[in-house]
Amino acid sequence: MSNRTQLLVSRVLVAVIAMTTPQIAQATEIVAQANPQANKQLNDLLEQGRKLVDAGDLENAITIYTQAVSLDPRNAKIYSGIAYLEALRGNFQVAAQYYQNALILEPNNADFQYGLGFSLANLQQYDAAADAYRRATMLKRDNIQAHQGLAATLFRKGDYKGAIQAYQTIITLDPRNWQAYSSMGMAFLKQENVMKALEVLQQAAMIAPNEASIQIKLGAALLKYGDRNGGVAAFERAAQLAPRDGDVQFQIGEIFKAEENWEAASQAYQRALALKPTLMEANAALGELQLAQQDYVGAIISYRRVIENNPNDASAHFNMGLALKGRGSREQQAIASFQKALELYQQQGNPEGVKKTQAALQQLQPKKK
């Protein structure tokens, strides 16, 4: 396989891994009914918290439920409810702690184990997440969501054999689960077992012929097999199946980018953003293209959007610095962007990021005087 094709396959693999990520289970109704035998003050707090959740005010709902904990500290469901809300807010470390508190009180609760696994997986603590998911599957063996969480976690930690076994369990429970076939195909592909990957991906396509994500994975497998025409045809099929899906358009942009078809990649990224303006990966990828083509004004706009959405994205600040530097007469702004990137890279323990940012700052320091 050529280096370019290998890069293309790698990009597709990165893009589709996100599709295997399980979702956190609904739990707010549990919180609202935490203890019907409790005193009036507690029930009032729970009802107030439920109304805040319904209104989307998660922060104040958590505050209310935290007060409820002090009134009923042995109620595991309140802890799990807070954990669920914290997970919704992206506070996975806090969510994991609350799920652990709930599990101290109810260690055999499969839903709590699942929630803990979900939170730990999002913290990239894959070994601990896998353990929690396994406990959830042992406590409730027909819980497909827990098996999916286990499979996705094993995939992410590079245990492709274990992931395949987990996907096979899902298929045993649900023989027409195309998501399991589709994700298992990616695991076989990561094992370099291209023929088996093609076999299970084609089976997924038979079950769900109109699912664009399968066609994208099938295209990656065909490319790795050496069938470039078949791979491109699968990608085109995906685009036809999901012309209004921003995620699919983004993945197609990644394909064109790996093929060094800059214009087609840019158009795909722009379509992705038109369909899904919150898709920051597309903004970042478009900015990277714009930087390479020395379209510094476009890159500044793209990275500004990324930073507005995620102020702690170190690479976005670094690339913003490059764009400002390339634009000219923006040295002070470029320095500020590089300094922010350096601060974030240091906080995140990224030595490579620190090194390249320090080098960029050194180039600009003489101009600072």
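Backbone N, Cα and C atoms are what each Cβ position is placed from, and that goes for glycine too.
Those TrEMBL annotations? Automatic predictions, nothing curated.
Features as listed in TrEMBL:
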type: SIGNAL; residues: 1-27; note: signal peptide
type: REPEAT; residues: 42-75; note: repeat 'TPR'
type: REPEAT; residues: 76-109; note: repeat 'TPR'
type: REPEAT; residues: 110-143; note: repeat 'TPR'
type: REPEAT; residues: 144-177; note: repeat 'TPR'
type: REPEAT; residues: 178-211; note: repeat 'TPR'
type: REPEAT; residues: 212-245; note: repeat 'TPR'
type: REPEAT; residues: 246-279; note: repeat 'TPR'
type: REPEAT; residues: 280-313; note: repeat 'TPR'
Give the residue counts of the repeat 'TPR' (144-177) per reduced DSSP state, in the order helix, strand, coil. 27 helix, 0 strand, 7 coil
Give the residue counts of the repeat 'TPR' (246-279) per reduced DSSP state, in the order helix, strand, coil. 27 helix, 0 strand, 7 coil
Residue counts in helix (H, G, I), strand (E, B) and coil for the repeat 'TPR' (76-109), per DSSP? 27 helix, 0 strand, 7 coil
